[in-house]
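Peer 1: Here you go, one structure.
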Amino acid sequence: MVFRKPPDGGWGWVIVVVSFFTQFLCYGSPLAVGVLYLEWLDAFGEGKGKTAWVGSLANGIGLLASPVCSICVSSFGARPVAIFSGFMVAGGLMMSSFAPNIYFLYVSYGIVVGLGCGLLYTATVTITCQYFDKHRGLALGLISTGSSVGLFIYAALQRELIELYGLDGCLLIVGALSLNILACGSLMRPLESSSSPPPEKMCVDKVPDQYFVYHEKEKTVEENISILEKGYIDEKCVNNVPDCKQDGILNKSVLSSININEKDTYKKKVVEQTNFCKQLAKRKWQLYLTYWKETMVLFKNKVFAALFVAILLFDIGGFPPSLLMEDVARSANISEDDYYMPLISIIGIMTTVGKLVLGILADFKWVNTLYLYVTTLLMTGVALFAIPFAKSYLTLAMLSGILGFLTGNWSIFPYVTTKTVGIEKLTHAYGILMFFAGLGNSLGPPIVGWFYDWTQEYDTAFYFSGFCVLLGGFLLLLAALPCWNACTNQSSKLPPNTYSYKVASNA
């Protein structure tokens, strides 16, 4: 498929708007699942750890399946994938309203909705990158705020819908709202060149003759030979009857030699096809070997290895508050009359602010993005340690705002990855890191819930979460210290296109 040059405007801004609303509609409920979490605890009477799997799967499965999502968008295009995924998200939410047990929710809400969100995220990012080049950062920043705004609005919306229509009615209405993704997806017009020939014609013209299936060709040749044989014999028999038998015998010998030649040709073509398949398999195997070799090269970089550990530990410890903060307030016996705003809504709006502020800071030449990211990790760990000491709505609201702001460090994570591995390795490295981020998202809330089930209080759980985030931050800080370069001369030993993060360099 041939694409025109990105217009950096025009219909591209329509793509930004519909991508913003797509992320708003698909991620609103999964990110604000903490409101539903309380209702599921009461409805099914399961443990907190088991119930937390629903929300963690919905938020983690999309990252875990990111390679599959990328293949789908590359194969079918952003618009068909967005429309299909809109049906998945809406259908998963509506099916969840009829869930008879928690295990049904694992599939309907956790896997179906989560996978639909992952497909929609990949589709919106891909189509936006196709339409923008110079303003790509601004466009991606604008559409990424859709999920945060969705968290802010859906937290209050779902709470209100539950009070008016109950849990089942809430999920049905939210699912119906998600059908608007179909309208957004229909506007994701692909950026194709109008002068490009049809794909089917191009594919057929480029296929070599020797790779066609031979038996069809062989059948045609045999039919033609039989017709020629019959016509030739009839003509000889009419003109010269005595020579009929002799010519027939001669003709059969000629045709038998033709058949022998055709069989030899068939064998040659079979050998050619076999060699072609062998070469194709060998090429695929070489690609797999190259991929794993490049992966091993990445992990030889101390900073990348530490970044991999840090993102995994950060999502294990830092994601649970967005899911469990409402239950933390209920466990602290905070009256609902003291609620001025859902705590999850505070996390959502402050995440939007954090993405914008941290993204702006990362553009300053005097700011080192790696140290900025490490600072957010350490501050997140301290805030998690402070949650067990918060016994009022005001203190929990302040901590929710701080945690939401620091969670906005997702906006600078691509900067850090680029400076660590180089722009050539960014796609490969970012895919690996996002997979383990999804793994952390999936494991974090159930682990915290299991701690509560064992101890009947959240204090130990958030001490564990804070320890995980602090450990990841300190490991990343140690790996980035300039003494590593002085002691090991790592930068001179690494292969091309992979380098260690120098502290003296500016982001």
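Note that Cβ sites are derived from N, Cα and C of the backbone, with glycine treated the same way.
Here the structure is a predicted model, which means the values were calculated and not measured.
Per TrEMBL, transmembrane segment is recorded for 12-40, 52-73, 80-98, 104-125, 137-157, 169-188, 303-319, 339-358, 370-390, 396-417, 429-452, 464-484.
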Peer 1: Six or more residues out from either end of the transmembrane segment (464-484), which same-chain residues have a Cβ under 8 Å from its Cβ atoms?
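Peer 2: Distal contacts: 302-303, 305-307, 309-314, 316-318, 320-321, 370-371, 373-374, 377-378, 380-385, 444, 447-448, 451, 490, 500-504.
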Peer 1: For the transmembrane segment (303-319), which partner among 12-40, 104-125, 339-358, 370-390, 429-452 gives the most CB pairs under 8 Å?
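Peer 2: By the under-8 Å Cβ criterion, the transmembrane segment (303-319) pairs most with 429-452.
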Peer 1: Are the transmembrane segment (12-40) and the transmembrane segment (104-125) close enough that 3 or more Cβ pairs fall under 8 Å, when only pairs 6 or more apart in sequence count?
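Peer 2: Checked: the transmembrane segment (104-125) vs the transmembrane segment (12-40), in contact.
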Peer 1: In the same chain, which residue numbers or ranges, 6 or more beyond the ends of the transmembrane segment (137-157), come under 8 angstroms Cβ to Cβ?
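Peer 2: Here the qualifying positions are 12, 16, 19-29, 31-32, 34-35, 124-125, 128-129, 131, 174, 322, 341-342, 344-345, 347-349, 351-352, 355-356, 359, 410-411.
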Peer 1: Do any residues of this chain, six or more beyond the ends of the transmembrane segment (339-358), have a C-beta under 8 angstroms from a C-beta of it, and if so which?
Peer 2: 31-32, 34-35, 141, 144-145, 148-153, 155-156, 159, 321-322, 325-326, 329, 372, 376, 393, 396-397, 400-412
Peer 1: Determine which residues of the chain contact the transmembrane segment (370-390) at the Cβ level, with the cut-off under 8 Å and only residues 6 or more beyond its ends counted.
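Peer 2: Apart from its flanks, the transmembrane segment (370-390) reaches 303, 310, 314, 317-318, 321, 328, 332, 358, 361-362, 396, 399, 402-403, 406-407, 409, 412-413, 416, 419-420, 458-459, 462-463, 465-470, 472-474, 476-477, 480, 501, 503, 507.
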Peer 1: Which range out of 12-40, 80-98, 169-188 gives the transmembrane segment (52-73) the most CB pairs under 8 Å?
Peer 2: 12-40
Peer 1: Give the one range among 12-40, 169-188, 429-452 whose Cβ atoms make the most pairs under 8 Å with those of the transmembrane segment (80-98).
Peer 2: 169-188
